[in-house]
Each structure stands twice: as structure tokens, then as C-alpha cells.
Amino acid sequence: MHGKSAGKAANSAAFAGLLFLLLRLLAVTHYDWESAFAMADTINFDDVIGVLIGTFLGASTLTGLLLALLLPFLAARHWAHIRAGDWSHLQTLFILVMTGVFVSVLLTSRRWTLLLVVLAAGALTIAALHRSGRGSRLVTAAYSAIGTLLAAALLVLGGLTDTVWVPLERITLTDGTTVKGYVVGSDPGFVKVLLEEDRAVETYDDSQVASRHDA
């Protein structure tokens, strides 16, 4: 049974990873099917972690909002586990890291309204837990579905932000033309660029590229 559960979890994680990559391709191309198709061969399943981290750090506002909504719930769930004698150092580490990321987003973006969001989310979670009835049952049920909630949050992040997971570059061509875009593919002989302005995908031979610099 344990092996079946582990296999099911692995399959679910793989499926969520594929969905995340698909949503990222569509989101960064502004849901243009042809551009997304042109980029499809530039990433594979091994890129999920890199794309995830790049998205997580690049979309600071949406990341901050999702963390503001989720952190109070995660903290309440962890506290419930501690009170039940089921303390986990990995859970503690995860919450501390996510809290650090949230503080970093808050200080960098200076979107102080996120403080109001996290306080409101915390107040609602506490109120639901201290009331008998439907609210408490919903929070308790959500505790057991935390993996699904986190996966859903990542899919929302992947599908709503058009922030590309690689840096924006200024590319000067040998004919004097300058384009701004994201190099999403760089194989011997050519580079594939997602243009910043219209999110179209262009392919240039190495011989056409005079220089590349961060924009």
C-alpha cells in the first residue's frame, strides 16, 4: 500500500509539473498558441525546477499575494501538528523559508498592502478554527489537502504571470538592428528569442548576432 501511495504521489507531481510547464509557455507568450508551440522544444521536464524558481522569484507581486494568503494557514496547520505531538523539522524549515521569501518580497516591492492581506488571512483562519461548525470543518479538511492547495497555488502563479524565467537581453544584430527579448534557446548555430514587445518567437543564426547584453 505504501508503494502504491508513493507511486500515486509521484505521478501526481509529474502531472502537476507538466501542467505548470504548459501554463508557463502559454502565459509568457500571452496565450498565443503559435508562439507557445515555437517555444515548446526549448524546455523539457528536467527544466521544471529552474522554471519554477525563476517564476517564483520573477513574479514578486503575485508571489507575495499567494504567500500572504497561504502562510497563516500553513502556520496554523503546523501549530496543530505540534500540539498533537507530530512536530516536523521539515515543515518548520519550509515555513521559515517561505516567511523569509515573503519578507524579502515585502521589503523589495514595498507593497505594504500585503501586510493587510496576511493579517486578514490570519484573522480569518483563527476565527474559523475557534468556531464550531462549517468553518472549522472546512479548515480541518483543507489541512489534509495541503498538497493540492500548494499545487493549485503554483499553477495559478504559472498561468497568470507573464514574467519570463530568463533575464531580458538587448541583442544587437550585424545589420545594426537592436531587439529586446529573452533568449529561450541557445543551441550551436542559432539562438531562439522571445521578443519582449509582442512575445513573438524569432530564431537568429549565430552569424547574425553581433552582441548580447542584459537589458
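Keep in mind that glycine also has a Cβ here, set from the backbone N, Cα and C atoms.
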| transmembrane segment range according to TrEMBL, out of 7-26, 87-106 | 87-106
| In the same chain, who gets a Cβ under 8 Å from the transmembrane segment (87-106) while lying at least 6 residues past its ends? | 56, 60-61, 63-64, 67-68, 70-71, 74-75, 78, 81, 112, 114-115, 118
